[in-house]
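A.B. asks: Got a structure here, written out as structure tokens. Questions coming.
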């Protein structure tokens, strides 16, 4: 799996959060960072969108993280992720910058994902996504990490 995201993680806490889960995942979650755009907001969005699409492998199954994307509870997301991983295509998650994802990125996406209706900092999303991917894989494998729904 691959996370293709706009900008470089400079904050150690954000980087450590991402790495804590990304390194424990199987398949591993690799991070590809593309440059932040410059200029007016529309130009930034366009440039960042082009950079995201350029970093996306040709046959990839692209999942765009977007506030208008599909929201899942943890069990449903585990099922969806297993389906994506079974496609025999590289699964790539796309995270835009502060201006969001450009239209062509959303058009190229095979699916969309929302981590809820709140707006999250795009650097923090990396760690949140890595944790949710780890949780989904734990659910699928029967690992005790996910505790929701267990009897008290």
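Backbone N, Cα and C atoms are what each Cβ position is placed from, and that goes for glycine too.
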A.B. asks: Which residue of 56, 65, 75 does Swiss-Prot report at the same S-adenosyl-L-methionine site as 96, 115, 116, 117, 118, 119, 120?
C.D. replies: 65
A.B. asks: Pick the one among the binding-site residues 65, 115, 118 whose Cβ has the fewest other Cβ atoms within 10 Å in this structure.
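C.D. replies: It is 118 that, of the binding-site residues 65, 115, 118, has the fewest other Cβ atoms within 10 Å.
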